[in-house]
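Residues annotated as active site, charge relay system in Swiss-Prot: His119, Asp161, Ser237. As annotated by Swiss-Prot, compositional bias 'Low complexity' applies to 39-50, 286-342. Per Swiss-Prot, the feature region 'Disordered' maps to 33-63, 283-342. Look at Swiss-Prot and you will find 289-330 tagged as region '13 X 3 AA repeats of P-[DN]-N'. The signal peptide annotation in Swiss-Prot covers 1-29, and the record cites sequence analysis as its basis.
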Amino acid sequence: MKGKFLKVSSLFVATLTTATLVSSPAANALSSKAMDNHPQQTQSSKQQTPKIKKGGNLKPLEQREHANVILPNNDRHQITDTTNGHYAPVTYIQVEAPTGTFIASGVVVGKDTLLTNKHVVDATHGDPHALKAFPSAINQDNYPNGGFTAEQITKYSGEGDLAIVKFSPNEQNKHIGEVVKPATMSNNAETQVNQNITVTGYPGDKPVATMWESKGKITYLKGEAMQYDLSTTGGNSGSPVFNEKNEVIGIHWGGVPNEFNGAVFINENVRNFLKQNIEDIHFANDDQPNNPDNPDNPNNPDNPNNPDNPNNPDEPNNPDNPNNPDNPDNGDNNNSDNPDAA
């Protein structure tokens, strides 16, 4: 599979720059060129509830090449209880462009942020307000957590098809990550080939704004590239890939017909990018004692209990340590190293 992936990857990179979302229940899609990696931002403000375009109003466009990859393992089922558990942060996306309204998927990962694909945000043509998000959507008549309007877009600085979207609060001054609990990200330390996974999102070949889950296994994993044997269609772009712990291990981007579907794997490089740009993103190991980033970890240099932390009262170099020869309160008044010694 490794050789085959390398062979097809350059082909698919080319298609990503010219292809993206679905714009109708029939899974039609938009073409758009890639944009730069700088954030697209508009003035932050509370937004009115976005207007929802229903299936009959969505304009069909030309079919995107490789948007639909239905494999022999076509184990897809509808999720009707969308507001509970790890399904709640899965989000239905609409992008209103000059050539039509297009649909995609995403996942809420912070108080005001979600993750999706670069090729999804490219459809905004530089106007973040064109992107609307409806977390936990049940169908085109039922959006239990309302809608949110994007205010800023930041694309992943690497090659992976990944983007961060920041949203304004809604009319009730609620943030998107307050109406749903943001997803937990996996540290992916134990992720490997043959593990069971699911991709959950809003495929365009199903009734508009209905959530579907597809089950399968990882077939390839290297760097930021992950492939799997489950089925998806246009509209699944930006869907989260969950492991068996319901942690996000990747963001789905598309696939190659009769071959595989793929995602941006959340490896160390991607994880660092996300942490740098999303202050409150939560990875599964963040609160573990052995996580070096955990402030409670005694090995964290910022932890006052770290013996190497100069602020640790037991640290010999701590000026407040009475055993420090430079401390005026050092009981050894005859210590020649103490400038205040008697």
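The backbone N, Cα and C atoms fix where each Cβ goes, and this holds for glycine too.
Counting only the Cα atoms, the space from Ser237 (active site, charge relay system) to Asp161 (active site, charge relay system) is about 10 angstrom. The number of other Cβ atoms within 10 Å of the Cβ belonging to Ser237 (active site, charge relay system), over all protein chains shown, comes to 36. His119 (active site, charge relay system) has a Cβ environment of 28 other Cβ atoms inside 10 Å. A separation of roughly 7 Å, to the nearest angstrom, links the Cα atoms of Asp161 (active site, charge relay system) and His119 (active site, charge relay system).
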